[in-house]
2 protein chains.
Amino acid sequence: MVKESVAVIGSGNWGSVAARMAGQSCLEKPDLFERDVPMWVFEEQVDGRNLTDIINEKHENVKYLPGAKFPENVIANPDLIDTVEDATLLIIVIPHQFLPKTLNTLKGHINPKARAVSLIKGVEVVGDNINIFAKVIERELGIRCSALSGANIANEIALEKFSETSIGYADRKDGEIFQKLFDRPYFRVSIVEDVEGVSLCGAMKNIVAIACGFNDGMNWGDNTKAAIMRVGLLEMKRFCQDFFPSCKDATFVEESAGVADLITTCLGGRNRKVAAAHAETGKSFEQLEQEILGGQRLQGTGTAKEIHEFLSHKGKVDNYPLFKTVYEIAFENKPAKELTSRL
Amino acid sequence: MVKESVAVIGSGNWGSVAARMAGQSCLEKPDLFERDVPMWVFEEQVDGRNLTDIINEKHENVKYLPGAKFPENVIANPDLIDTVEDATLLIIVIPHQFLPKTLNTLKGHINPKARAVSLIKGVEVVGDNINIFAKVIERELGIRCSALSGANIANEIALEKFSETSIGYADRKDGEIFQKLFDRPYFRVSIVEDVEGVSLCGAMKNIVAIACGFNDGMNWGDNTKAAIMRVGLLEMKRFCQDFFPSCKDATFVEESAGVADLITTCLGGRNRKVAAAHAETGKSFEQLEQEILGGQRLQGTGTAKEIHEFLSHKGKVDNYPLFKTVYEIAFENKPAKELTSRL
């Protein structure tokens, strides 16, 4: 039996946690996986040293996941092509805005038998065309790509607190091998034949979290918040049924990627937090992204905009009153109180 | 067209809020409803005066819903039979342990054309027999009974913060008239032909909230909590499919009574709070009920016990690992950490 070689593309907070779990599994399951797990790190300087050197010396991503040790078989590598050249299993976990350039670099350097799993949140919208990132990866690299998403706050998983996740696959064998790679005593992986449903849940939950942030900023309370989450889950499900008819209902109501991740994201997280500040202070999201996130872009408003663009092209904006209202509050200066009047 | 006469049986925190909404609707819709809404109050002394006298003078339940004014047409009445004798619509909202005695008193004094709606949480279990309280009311009074349940923290609704609820009906006309009675600009009522699903959600969510309390007391974090809620929702649904096959799936995943109420109850509420204290301190629930609730009984542990008794008689305890584990932690001194190992 041929062993699988794993490589991780990305080393942010979530990427580091994913590499840590994959590294543990590769050590524990030598029959299935090669020992070493190279992890591509976009090189940067920390205290005058290369981040990759620090990671490989301290076995810790001191910048993006401080406090959690990697097993010694996770090896930081600043060279993207060198990282992936032996890999048969690719874990892709980078901010979506860097995906096109990264895929471009990878083209022609991937083992044609490799399979990928995308941990990227969001969707690609061009006019009336919408794609999940797993499909973008398949299109650009010519290999199959699954998707992993769930109620997964990275820092809690780094502490090995119990979590669940979902992997959506197109080919069951892919689902099974990635399940074996990620499954840990503290990380329960379920697999489901629904790449699109798993991916879309991971994108659209962030729109609902923005609405929950408005709720918190307006001090509307838990009844209203639960109503927003209920309506949000239904709009997510309807969106998928309308535009991705292969999505399975069960993904939304039975999977960690569905209702559970929605709950976690609407309780904590940066989308909720920044939206609460918007409703409280009236400051623009752009300004708040500077003040609270040091200029990083918020995923929920970005996705709200993309979904709105897509729905506008389709002439279906009004079918999704919650998504529409979040967009209008975030980008058209509608007051946050519009939200409850349209629920 | 004959107008409906409304009476409220019960005047606790939730009963007072229900009476307040019904009173507002009766004032606003004189074509449909008689003006006055008598509300039965179990008479007690507050500062040396009858609570009913204080309510009728101040239009406020100073003991159970301080700070929220009743409209003047809500009239407290200490005489149960006098309260209901003209009623064609009965709102029944008392603690379930008082239900048998109350129904016994009412027998023979109810307008045979009256219809009731139960706002009572919980189930009646006798051996391998399980009944929702709407059915108990139907059986004892010989009238049809609907059920109302949803993500409804009473104090938020008293402040007229936006909320949703679900009414489960057997006869659509009942659902419609109770919808007209409860619907307010701040209280959105949906109706669904599923008395049992609406009632059972309202009972079983409290077991899941106990589990979420254990999570919080053990400091497991939001990923684990979301996993507990996901598994809890699935066990609730499975329980209903197994023993109440007429229940509709949509009630669990689309109604306020389902997923939304589960969320609200697992975030706040006394069940979660006392269970957290149990996991943190190791004190018995009995002791904590004394210390935190002044001797009042917790609904979640009571329902966990009843469901466990029922499932034991049916030989099906192991089919519901979350319900089983909550029972064992609460009543058989199992450590709270059992919970995640069985998820």
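Note: Cβ is positioned from N, Cα and C throughout, glycine not excepted.
Annotated NAD(+) binding in TrEMBL involves B:GLY10, B:SER11, B:GLY12, B:ASN13, B:TRP14, B:GLY15, B:PHE42, B:PHE98, B:ARG270, B:GLN299 plus, out of the candidates B:ALA151, B:ALA154, B:ALA211, the residue B:ALA154. Taking each of the binding-site residues B:GLY10, B:GLY12 in turn and counting other Cβ atoms within 10 Å of its Cβ gives the largest count for B:GLY10. Of all the Cβ atoms in the protein chains shown, 14 others lie within 10 Å of the Cβ of B:PHE42 (NAD(+) binding site). Taking only the Cα positions, the spacing between B:ARG270 (substrate binding site) and B:PHE42 (NAD(+) binding site) is 23 angstrom.
DSSP gives B:ARG270 (substrate binding site) a helix state. Following the DSSP three-state reduction, the secondary structure of B:TRP14 (NAD(+) binding site) is helix.
In the three-state DSSP scheme, B:ALA154 (NAD(+) binding site) is classed as helix. Listed in sequence order, the binding-site residues near B:LYS121 (substrate binding site) (C-alpha within 10 Å of its C-alpha) are B:GLN299, out of B:GLY10, B:GLY12, B:TRP14, B:PHE42, B:GLN299.
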